[in-house]
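Participant: According to TrEMBL:
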- 131-156: region 'Disordered' (REGION)
- 138-156: compositional bias 'Polar residues' (COMPBIAS)
- 177-222: region 'Disordered' (REGION)
- 182-196: compositional bias 'Polar residues' (COMPBIAS)
- 211-222: compositional bias 'Polar residues' (COMPBIAS)
Amino acid sequence: MKPARGFGILSQGANVANHILSQQSAKYVGRIGALAVALGISTGVASTTGAPEAEAAPDVGISIGGVGINSASATAKSSFGSAAVAIGHNSSAEATNGVLNRAIAIGNNSSARATNGNNNSAITLGDNSHTYAGGGNNNRASVRGNNSHAEASLGNNNNASVMGNASVARAGCFDEVGSPKCTPTYNQNNRNTARVTGNDGEARAGDGQFGSASRNTATVNGNNGTQAWATRGNNITAAATGDDSLASGERGDNITATVNGDRSIAAAYGNDASASTTGDVSAALANGERSTATVNGNQSIAEVGTHDTAFADATATVTADNAMALAHGEGASAESTADGWGAAAGAGQQISCDGSPADQCFHPAFPSP
């Protein structure tokens, strides 16, 4: 990461940040003058010693309990009982409208906001990155990387974190803070976690538009557009490990969607649905209550239901490459265990294909990856 102007004071700045985070009382406001001198920030007091003029002030802003000093292009703002630190060109930090809020932004053109609630924490380390924690209590948002965003909002005890570049993590509201999809009508999105480790990834956990959603977890470990969505329900887990993959659990409670592979998908919709994909260029799609879709292979598909129709208590399983299992009907069970073979089951049917040339087997046709 390219250092911000004035980053020679990072060691002092880190000590200041740690001091602010550990001391939440307004009685420390009186130390700002001393901190400013230590950091080389002009206090506006004329020198009478005849000493040479100081170098241009670095981009640093410090605010504790509503009192602070801003230097050059950095700005920090706080209210009583909260603290903010900004270090870097055009950096900004805000900790307001609540007590025990902490905001730290270190990087060029970066921001951190902890507002509208109590004991919220927003920490940004990187250039052109942004964090927001608020709209409730005990929310945490953190970024370590460039051009990334992390937002924890619209409820309590939400956690959004990014470690990587050009990535997004949203916990609580599944859309950008301030958008019409983040309505205060549905502000009880609690204990959601969204975490991205990698570049160009996205994790969303919560709701905000269609209702309140709690205890959801979305995790991404990968690059090149990998996404994990755990939204519009409760107790949803979506985890994607790999590049250019998607794990999506939506529209129900107690859903699990897991991907381990590149360019693969696991999607589960409906209460107690489950989808799991292990392999590259594969998909497990479960649509319906208590439906299960599982793939263990490459370039394979396991499907329960369709985009327009959901089937409950159905199962589709593939443990092979270039294979397919389709369960299209209530209580259907389809299984393929042979490379290049497919099995299809209707309502109440149990069809298994191990490669025998029986009527219940077929050769699936796949589009080019």
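Here the Cβ of each residue, glycine as well, is placed from N, Cα and C on the backbone.
Map the listed features onto the structure and describe their local environment.
Facilitator: Long-range contacts of the region 'Disordered' (131-156) within the same chain, counting only residues at least 6 positions beyond its ends with a Cβ under 8 Å from a Cβ of the stretch, are 1, 97-98, 101, 103, 105, 107, 111-125, 162-173, 176-177, 182, 184, 186-192, 194, 196, 199, 206, 208, 212, 214.
For the region 'Disordered' (177-222), the DSSP counts in helix, strand and coil order read 3 helix, 16 strand, 27 coil.
Using a Cβ-Cβ cut-off under 8 Å and counting only residues 6 or more beyond its ends in the same chain, the compositional bias 'Polar residues' (211-222) has close neighbours at 155, 167, 169, 171, 174, 186-198, 201-205, 228-245, 247, 249, 262.
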Participant: Taking helix as H, G and I and strand as E and B in DSSP, count the residues of the compositional bias 'Polar residues' (138-156) in helix, strand and coil.
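Facilitator: With helix first, then strand, then coil, the compositional bias 'Polar residues' (138-156) has 0 helix, 9 strand, 10 coil.
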